[in-house]
Amino acid sequence: MNLIAIPALIDNYIWLLHNKKGECLIVDPGDATPVLHILSNYQLKLTSILLTHHHPDHVKGVKLLSQYFPVTIYGPQETFKQCANIIVKKGDFLVLLEKKFAVLSFPGHTLGHIGFYSYPWLFCGDTVFSAGCGRIFEGTTKQMYESFQEVNQLSSHTLICCAHEYTLTNLAFASSLLPKDRIISSYQRHVTILRNKKKPSLPTKLSLERLINPFFRCHDINLHQAINFSPLLGCEWLVFDYLRQKRDNFRGNSSQK
C-alpha cells in the first residue's frame, strides 16, 4: 500500500492511498484537478472518497471526481447534503482496498468532524496538525481537547495525515512558548529545510507530536511553568483552551483554518 500527499489549493493536502492493483481512495478532495493529474500519471482507478467534514476546501472536488469515476463517498452526516452517499459515524468500520478502517469522532473544528484510522494511517482532517491543532469553529475547546485524547490513545507509530501544511508556523508558536526546548528547535530547522525544498512535512508520527505539539502536552509541568498556568488536577483541558486562544492571536497565522 502506498500513500501520496497531493498538494492542493493554497496549503491543503489531499491524501491518496493505493494498492498494487491500481485501485485507490482519496481523502478530503477540495480540488479535483490535482487528483485527476495524479490518477492519470499513476494510472490509478479511484474507488472511494473519504470526507472528514463539510468545509469547501475538503469537499469541493467531489462533484467533478464523481463524474469521472463511479465512487462511493463516505462522510459524516454534515456532508450528506453536499456529496456523501454513505453516512458513517464513530464505531463504524469500512473495508477499503482490502484494509479495515475505523471511523473515529473528532468534534471541535466542526461538530460532526470524523477521522478514519487504518494502522498506521490516521486521516484526521483539521483536528490535529503537526505541532498544532485546528481552529474551533462549531464545537468547544473541551471537545477538541477530548478529540486529541482520542488520537493520543492510538499507537505511537501512527502516521498522522492532516489536511494542511501549517507545520512551520505551528513550530514557531511552540518555540515561542518553549524557547529552550531542543527537540522543538531541532525539528523546526529540519522542517525549514524540507519546505525550502518544496517537500511536505507530513505525515507526522504521533510519537513525535507528543514531543513537539503543545496541544499534546497539556499535562506537562514544563509547559505549565513556561506559560505560568497551573490547572487543577483533571482540568488539563483549560491549558488546551489557553493555548488555543494564544494560537488564535499568534502572528503569521491568518490563513490557518
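Note that the numbers count up from 1, one per residue, in the order the chain is shown.
Cβ coordinates are placed from backbone N, Cα and C, and glycine is handled just like the others.
In the three-state DSSP scheme, His109 (Zn(2+) 1 binding site) falls into the coil class. The Zn(2+) 1 binding site annotation in Swiss-Prot covers His53, His55, His109, Asp126, and the record cites sequence analysis as its basis.
Residues or ranges marked as Zn(2+) 2 binding site by Swiss-Prot on the basis of sequence analysis: Asp57, His58, Asp126, His164. Secondary structure at His164 (Zn(2+) 2 binding site), as computed by DSSP, is strand.
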> Which entry in the list of binding-site residues, His53, His55, His58, His109, has its Cβ near the fewest other Cβ atoms, using 10 Å as the limit?
Replying inline: His55
> Just checking the binding-site residues His53, His55, Asp126: which sit within 10 A of His164 (Zn(2+) 2 binding site), CA to CA?
Replying inline: Asp126
> Taking DSSP three-state, what's His55 (Zn(2+) 1 binding site) in: helix, strand or coil?
Replying inline: coil
> Hey, what's the Cβ neighbour count for Asp57 (Zn(2+) 2 binding site) at 10 Å?
Replying inline: 20
